[in-house]
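According to TrEMBL, the protein has these features:
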DOMAIN    98-287  domain 'ABC transmembrane type-1'
TRANSMEM  39-58  transmembrane segment
TRANSMEM  100-125  transmembrane segment
TRANSMEM  137-157  transmembrane segment
TRANSMEM  163-180  transmembrane segment
TRANSMEM  219-245  transmembrane segment
TRANSMEM  265-287  transmembrane segment
Amino acid sequence: MMRLDFSKKTMQDFERDAEVVHATRERSFWRFMLADRRAVFATSVLILITVACIFAFLSPYDPNALSVQDKLMPPNLAHWFGTDDHGRDYLTRVLYGGRVSLLVGVFAMMIAVVVGTLAGTVSGYFGGFIDNMVMRFLDIFMSIPSFFLLMILNAYLKPGISNIIIIIGLLSWMEVARIVRAETLTLKEREFILYSKSSGGGFFHIMFKHIIPNAMPSIVVAASLNVATAILTESALSFLGLGVQQPNASWGSMLNNAQGYVGEATYLALFPGLLILMTILSFNVLGDVLRKGLSRRY
């Protein structure tokens, strides 16, 4: 059995080495990201969409104010995106709907990342029986078509944004757990973690001090892809009438409402559809570049 000789190094030496390695890799990783035009463009698009949605309150129109005499007006100087079938300003509705879609995506991602990171770290760190149990549970969960499970759960629960966030988040953590487990299996054999364990460092100290910081780029990749998946899932549920309910809007519910007017008011489907496409594509491009940057990092 291999014996570890730590006699020539103190705990501070190992932690300093770990911090230097971590900081060097982080700088290299983010330099690569800033040099990639696709990453910069995708990030710029996401920032633009997010800022526009946050400042939707600056619009002079109420997103829920009805004006029957102005219904189905095509895009014009007064209403840049036109009006919907109830005469509501469509640009304002799209921006407020974007708030809901982005909110669902971000908070569902946060739930998935927290649950997945904890499960993956526990599974990879302890191994053995615990690892087998967690992995078998993941296999069972991932074998069930998640979208149909989402539809079933959402049909039996009270419709609401909070329920949608919780359901999507709790059905999206499995891939994060797999990624974090793989990182943990590698990291737990590193010298600084072995020394921390031999010096009496507990699981939570090692997890928050060493494992999660070093696994963070992988977690960021998983998070970016998770946001895109959550937004797409919410849009699909709302399109089917199982997500955000009137008078609230999301991009998916706006597509659902546009179904009956595709022939006479194509813009009703065009604008929310384009924003869904741009947002999801940007997150996916960002995730792809992050993954490549991560592979260069090692």
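Just so you know, glycine gets a Cβ as well, placed from its N, Cα and C.
Note: TrEMBL annotation is automatic and uncurated.
Here the transmembrane segment (265-287) does not touch the transmembrane segment (137-157). Their Cβ atoms form fewer than 3 pairs under 8 Å, with each pair 6 or more residues apart. Tertiary neighbourhood of the transmembrane segment (137-157): same-chain residues 163-164, 167-168, 171-172, 174, 177-178, 233, 236-237, 240, 242-243, selected by CB-CB distance under 8 Å and a gap of 6+ residues from either end.
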